[in-house]
Structure formats: structure tokens, C-alpha cells
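Engineer: Just lifted these from TrEMBL, have a look:
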type: BINDING; residues: E121, R173, T218, G234, A235, T294, K386, N444, W445, V594; note: pyrroloquinoline quinone binding site
type: DISULFID; residues: C167-C168; note: disulfide bond
type: BINDING; residues: E236, N314, D359; note: Ca(2+) binding site
type: ACT_SITE; residues: D359; note: active site, proton acceptor
type: DOMAIN; residues: 641-720; note: domain 'Cytochrome c'
type: BINDING; residues: C654, C657, H658, M697; note: heme c binding site
Amino acid sequence: MTRLPRVDSACLLFPEIAVTSRRPARLAQAAIAIGLGLTLGCSAALAQTPAKGSPEHIKAVTSAVDGASIKANTATSNDWPTIGLDYAETRFSKLNQINADNVKKLGLVWTYPLESSRGVEATPVVVDGVMYQTASWSVVHAIDARTGKRLWTYDPKVDRTKGYKGCCDVVNRGVALWKGKVFVGVYDGRLIALDAVTGKVVWERNTVDNKEFSYTITGAPRVFNGKVVIGNGGAEYGARGYITAYDAETGNQAWRWYTVPGDPSKPFEDESMARAASTWDPSGKYWVYGGGGTVWDTITFDPDLNLVYIGTGNGSPWNRHVRSPGGGDNLYLSSLVALNADTGQYVWHYQENPGDHWDYTATQPMILADLTIDGAPRKVILHAPKNGFFFVVDRTNGKFISAKNFVDVNWATGYDANGRPIEVPQARGKEPYDSIPGPYGAHNWHPMSFNPQTGLVYLPAQNIPVNLTPEKSVKFNVQEPGKFASAAGWNLGFMLNATPPKSPPFGRLLAWDPVKQKEAWRAEYVAPWNGGTLTTAGNLVFQGTADGRFIAYNATTGEKLWETPVGTGVVAAASTYLIDGKQYVSIAVGWGGVFGIAARATELQSPGTVYTFAIDGKAPPPAFVKYQTEGLLAGVKYDPKDVPEGTALYVTACAQCHGVPGVDKGGNVRNLGYVSKETIENLRNFVFKGPFHDQGMPDFTGKLTEADVVKIQAFIQGTADAIRPK
Ligand SMILES: O=C(O)c1cc(C(=O)O)c2c(n1)C(=O)C(=O)c1cc(C(=O)O)[nH]c1-2
Ligand SMILES: [Ca+2]
């Protein structure tokens, strides 16, 4: 990356080069400046070189981050300036000091405590040794990566009793850095610009001023051309998806694009909404549920075509029979959409799941690549969404090139030449249905990477079996009566797996050839929900695992070359960067996300931590923390007649975080089948103004009655008793 203010070395190497590369009109001026610099400017500048890690240094290196520097960094990968490394989101670093020959000598340099006990999903962003990392509850940490010491922490103070507003853990997928500001999307819907040096708020906007829907933000903002763009989540609770661009300097709104139409009796926002409305059946009153299509993760910018690509989410509610009874594609659900980066106007779309029915989102991270396909150079998007197919799409026009399933699927047999799925009719039937992939996806938000040297994409793939039972009636979310709970339109019993699904769960790292649409190698894991990937010119792939390890593989062969325990399950992806000429690898660990709330794959539950490694690192690992669990709950007195009502209450109020008592083991939230008898006997003390409201436990005052709690107790003990080995 070109760093203007790095006068120590830049002085010798023509100080104005970075400026001229950005502003060609200033070539003549620059020539003079170079001359001056060599004669008198340099000695003065050298005397003022700020100490690394000092406020002046942080100001200098973060102010230099802009579109040109992000592009320039791709020549070396010295820094990791955006969440996916570059605008193409390759997560492929050209650094090769750490490589397949010496990775065995990788050792710990420092760890940094993120002071969080919920999921950590962000990739560390690093420029010249200044690191920005988010933890749960959208807390931002600035870290001196030379030492691992805190520079500052910013807590946007999300109301901890409002975690229920999102479906999938109080997570955050990271920051965007631009001209001295750090941008973070906050769980409660705010977009905040922070001063990169001090962590103080520069501006703040509420991006979800609408009161009808339960919006949250978990994704990372994207900055380009002086605009910062953010989407939101909420389609499990009823929401209408959109993304908004703001001026990065002022926070003024530049544009907004909705992903699905609103009430057709009112004027449409634009032509793209009018066209979309013809693919929805108004008798389903989809606008009341919001329709869905939330842009809760991937937003990618293409500087060459000046397009923004977004992946849109599932239908809201999931079940199309409820949402749009007459069928229809329901544009622009589950689609890749290209927008004009300046205006936010629709340019093209490709819909991966017409008429989504299964929470098959297209929000999974995409990678922009230039590939030779059938002998011709193509500018493509590589995409592996929840639905289990790997897509190659022409990013100049949205035309389908190819799709191939990367895991076994049962909802479609393939895609036709026009890019439409060939669906299996039972997948939309009225009978209970084992959805493969299920709503957790064959691949979720965990970032994949693409290594142009091997030609392979490294993709965390999985199966998490779920049985879906179609049902017309829509259940309430106890917290917000009138808001629809997650599986609205599907029987909420899916959470309790009323009909146990038959397919086996798995988690694996897939090395996938996107040209041949074929697996090259795989590594099997003990469980699903493993971390994102990083790949390097050192012929390496790095990935953290659900069972608490950080692993390096040979990128060509898949041979495991190195691993280290990290004290808890890993869901995030690693980054790598140079500091003062030496290569480091950092990974933030912290078990969580939608699967990690209630389930786990290791007995270790250490808090959120950033680990940083280098060759010959010798730092001692921190002490690991074990899960605190009691034996299977026994002895709570209850009336079996209360169990059916208790079940319904538990499903709408408790299941999403606590899982099924005694069946799930508990993830970053405890399972109520494995707590003490006294805890369940005193459940009311936790439910109403209880001690865990600062950790994400909602306050149910006014939402549940004391009698409801007694029924929930009956369900919890009844379930534990039912599964106890006789
Ligand atoms: O439909 C939505 O609006 C929405 C939002 C989110 C989110 O914001 O985290 C997730 C999902 N859906 C989702 O379907 C999903 O599987 C998921 C997993 C995670 C996670 O962080 O582990 N978030 C989300
Ligand atoms: Ca969803």
C-alpha cells in the first residue's frame, strides 16, 4: 500500500509518487517536489518521523487509506486494509514469508482479550501495524499489532436486553477504514464513523428509522468513492431489505435501494420495484411481513465497472405459500444484484433461488475474479450461497455461466442453461420435509478465499439437518407481539425437531475449482460451523475450526501442515500483513453465530481473543476456560398437563438462544437442561429483571406471566426427563 506519510523510507523513494499516481495533473508539481525533497525536505521530514503506534503515526497511516491505496495494496498485500483484503474480496495475500516449507515454525506472538463472550465474526483490518477488530455487541477495538496492546475501545452501548431483535447472535463482521475514519454498523441499526486515532464518534446515523420491522446490523460497511454503504438484517422477524449509502465525510444520505417492493397501492420507489412487484402475489400481503431480502452481509465494490454487488436474503416469511400464495419469483429475493455505485440505481440481477422457500439467502460473501472459461477471459463473481450450489456469474451483465452443487442437496437436481434451478417438487410440498441444505446453509457467512496460483476457492461447507413442516398459521414472537417469529409460515416446531431429520451433520473445508466446477480436495471436521478461510502466496490455507483449532494446509494438496489450539470454537477468518518487513497472521476467536448460540463442538469456552502468530513466535498461550455445566436437570417439580403450553411458550420465547433442553449442549448461551435444579426452580428471577440482562437475556416483564414461567419450567424438566436414559 502506498503510504504517503511514511517519510523515513518514502523520502528516499520519491515522496510524491503516491500523490501523482492519484492526481496525474500534478505530475509537474511532483517533479519539483521530488527535487526539493531530495535536497532539503528529507532531513527535516526524517526528524519528524512519528514513532510507530503513536497518534501521529496512526493518523498518518489511516488517513492514507482510500480507493487508490486499497488498489495499490494488491501489488504487495503488505497491509490488510479492507475486511476481505481487496475490493475483489479474494482474501488471497501475496505475502510468502510464511509458507508451506516453514509454517511448522509458526508460533504465538501475542493475544489480545476482546472482553466478549458471544460470537466474534470479524476479520482483523490492519494498516502498518494498526489493527481494528470488532467483538460481539458491535464493540470496536483498536490494537497496536506491534505489541498486542490496546490503543482504544469503543462500545456503542447497544441495549443488552435487545439481543432478541436479531435472529443469529449479537455478532459483527467488522469495520471499514477510510481516510482516517473507522466505520462500524451497530447491532441496533446505527452506522457510526469513529476517529481512527482516538475512537471518538465523528458522526452517527440511525439507518433503521422504520418502527414496523425488527432491523439489526451485523455486516461490515463498505466504503468506495467517498461513500459508505450498509445493509441490515431482520428477515426472520419480518423485514423489508434495503441498503443505504452515506457520504463518508458528513454522514448525509446519498442513496437507498430497496430489494423487494412495498405496498403496491402506494407509489413504487423506482422502476426496479415496479418490475419486481409483478413477481409477487398481493393476496399474500407480503408488505405487511416486509417480504424479506435483507442485505445482511456481502456488499462488494467493483472499481472498474463502478458497480456495487449485493447479495439479498430470504423471503419473509420463509414459506412462499404464505408470503405469495400464487407463487412467483418474488424479486429480488435470494439474488445477486448490481447497482450503480454513484446513484444506487438497479443495473442487473441474477436470482439464485426464484421464490425462495427455505431461508436460502444469497448474502454469502462473493469474490470477484477474472477467469478463462471455455477459452475466453471472463469477469466473474464466484458465489457459494446457502443453497449448496457454487455459482459463476458474469459480473458485467449478471448472465449465468455455471452452477454445480458442492454438497449433496435435495431441493433441486441442477440448473438449466438459463440459470434456473430444476426444483424437486416435494421441496415445496405440504408434508414435513428434511431440507438439505437446511436454513443454516451449506455455506453461510464464513468467508471463502480464492487463490489465483492454485485456481482454487477455499470454502467452509457443511450440513446442519433441519426438518421443516409447512403450516399456514403464523406464530408470535413473545417479545414483540405482532412481529413474526423466525420460521413464520413454517411450523416453529422445527426448532425442537419435532420430526427428527435424517441426513447426517458434517463440516468440511472444500478446495473447489470454479472453472471445472469440481472439488480438488477436502478436509473433514468433527462438526459443522467452522471458520472462514485465508489463502496466501506461501501456498497456504488457514482456517479456524468449530472444535477450537487454528490450522494451516498446503493450498495445492490439502495436506495439514500446522495446527494450534485456540481455546474456543472459531467462526471468523484470519488476516495476514507485514509489520516492519515481517509477516504476521492474526485470527479473532469467539464461538457463536446462529449455530454457536446453542450448539458446540469443544468443551472449551474461552472468551473472545485475537491471536497473532509469526515464525518463531514464543509467547505462552492464555489459560483456556472450560464450559460450566451441571448434569442433566433432575428433580424440578411440575405438572405434566403444563407441558404442551410450556412447549409453545418455550419455542417462541427461549428456544432460539437456549436450544432444546438436554438435547443441545449449549453454545455461547447455556442450555437449560444442564443448569442446576435451583436455577430452574427460580426461573422467574432470571426471566423478570434478572441478573443476566446485561449479557443479552431479554427482560420478559409484561411479556410473560408468572403462570407462563411455571409452564416453561414444566417443559424444561419434562424434556430432560423424556431424554434421560432409562
Ligand atoms: O434474514 C436475515 O435478515 C438474516 C440476518 C442474519 C444476520 O444479520 O446475522 C443472519 C441470517 N438472516 C441467516 O439466515 C443466517 O443463517 C445467519 C447466520 C448468522 C451468523 O452470524 O451466524 N447471521 C445470520
Ligand atoms: Ca435469514
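Cβ coordinates are placed from backbone N, Cα and C, and glycine is handled just like the others.
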Engineer: With every protein chain in view, how many other Cβ atoms are within 10 Å of the Cβ of E236 (Ca(2+) binding site)?
Structural biologist: 27
Engineer: Please go through the binding-site residues T218, A235, N314 one by one and keep those whose C-beta falls under 6 A from any atom of ligand 2; give the result in sequence order.
Structural biologist: A235, N314
Engineer: Excluding near sequence neighbours, so keeping only residues 6 or more apart in the same chain, what lies with its CB under 8 A of W445 (pyrroloquinoline quinone binding site)?
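Structural biologist: Non-local contacts for W445 (pyrroloquinoline quinone binding site): E121, R173, D297, T363, Q364, P365, G593.
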Engineer: CB neighbours of C657 (heme c binding site) within 10 A?
Structural biologist: 20
Engineer: As a check: which entries in C654, C657, H658, M697, the binding-site residues, place their Cβ less than 6 Å from an atom of ligand 1?
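Structural biologist: Checked binding-site residues vs ligand 1; nothing flagged, none.
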Engineer: Relative to the Cα of M697 (heme c binding site), which of the recorded positions C168, A235, E236, D359 has the closest Cα?
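Structural biologist: Checking each of C168, A235, E236, D359 against M697 (heme c binding site), the shortest Cα distance is to C168.
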Engineer: When DSSP states are grouped into helix, strand and coil, how many residues of the domain 'Cytochrome c' (641-720) land in each?
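Structural biologist: Tallied per class, the domain 'Cytochrome c' (641-720) gives 48 helix, 2 strand, 30 coil.
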Engineer: From the binding-site residues N314, D359, C654, C657, pick the residue whose C-alpha lies nearest to the C-alpha of C167 (disulfide bond).
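Structural biologist: Its closest listed neighbour, by Cα, is C657.
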Engineer: Please compute the mean pLDDT of the model over the domain 'Cytochrome c' (641-720).
Structural biologist: 93
Engineer: Among the binding-site residues listed here, K386, H658, whose Cβ has the fewest other Cβ atoms inside 10 Å?
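Structural biologist: Taking K386, H658 as the binding-site residues, the minimal 10 Å Cβ count falls on H658.
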Engineer: What binding-site residues in the list T218, A235, K386, C654, C657 lie within 10 angstroms of C168 (disulfide bond), counting C-alpha atoms?
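Structural biologist: Passing the 10 Å Cα cut: T218, C657.
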